[in-house]
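**Student:** Handing you this structure, nothing more for now.
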Amino acid sequence: MDTIKRLSSNPLVQEVSISAVVQALIWWIVGHQHVGTATVTIGTNGQLILASLFLGAAAYLVVKRHFLSRVGPILAAAAGALIVLSLHHQNLLLLIGLFPCVTLILMCIPKLDLQTEFGLIILGMGFALSFPIIFFYATHRFLSIQFLWELMPLMASYWFFYEPEFITRPKNWLWTLITPLILAILLLSLPLSWRSITAIILVIVTWFGRPFVANRYHFIMTTLLQLAFTLILY
């Protein structure tokens, strides 16, 4: 019990846990739009949910620790193993699910230079096009062009919210304008509603408020803001 209490009071454990749960919630919310009758077993769903929690924790450790974490890649590999167990009969979904896991692992190899704008683009694609697609297909047994298009703002939101963790060099300041602009354009391409307008306002407030958030809390605040963005839009 004492060990559990010490772990639960550890700030790092708290932040990793929050990040894991929030990230899994984002994927779950987006992937369960227009929910119908589920057609997969509870066991498979349980494995996928656990994999999403592992991947969310890995994302925090890898990105927040500036790609130097040793535990992060292990958690990403564990998420990949659970995905293989759940989706080994569905090759396309298996590849989609493994993509972000492999990306996080490769990001911890400095020679690959994935800690840059290119890495940000790849990670955003992997996170937005993996678990949301898997959860959606697991529930509906089909994919639609409309649903895939609705994932584009989510992908751009990863570029926007994660951008400060990747773009740290002053000469790349232009990226701080490009990512919110892309996100705003994608939001405006959706049918105009209170959801899209509120999401745009959240993006603007986040962009202006970033300089006033201490680095210590920057990533966890970003994670919570992205959850708010997801709840508003989806």
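The backbone N, Cα and C atoms fix where each Cβ goes, and this holds for glycine too.
Below, the features straight out of TrEMBL:
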TRANSMEM  12-30  transmembrane segment
TRANSMEM  42-62  transmembrane segment
TRANSMEM  67-86  transmembrane segment
TRANSMEM  92-109  transmembrane segment
TRANSMEM  118-137  transmembrane segment
TRANSMEM  143-161  transmembrane segment
TRANSMEM  173-190  transmembrane segment
TRANSMEM  196-213  transmembrane segment
**Student:** Among 42-62, 92-109, 196-213, point out the range having the most Cβ pairs under 8 angstroms from the transmembrane segment (118-137).
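**Tutor:** Looking only at 42-62, 92-109, 196-213, the most contacts with the transmembrane segment (118-137) come from 92-109.
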**Student:** Tell me if the transmembrane segment (42-62) touches the transmembrane segment (92-109). I count contact as 3 or more CB pairs below 8 A, with pairs 6 or more residues apart.
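**Tutor:** Contact between the transmembrane segment (42-62) and the transmembrane segment (92-109): present, because at least 3 Cβ pairs are under 8 Å.
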**Student:** Which residues of the same chain, at least 6 past either end of the transmembrane segment (42-62), have a Cβ under 8 Å from a Cβ in it?
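**Tutor:** The answer is 15-17, 19-24, 27-28, 69, 71-73, 75-76, 78-80, 82-83, 85-86, 97, 100-101, 104, 107-108, 127, 131, 134-135, 138, 219, 223.
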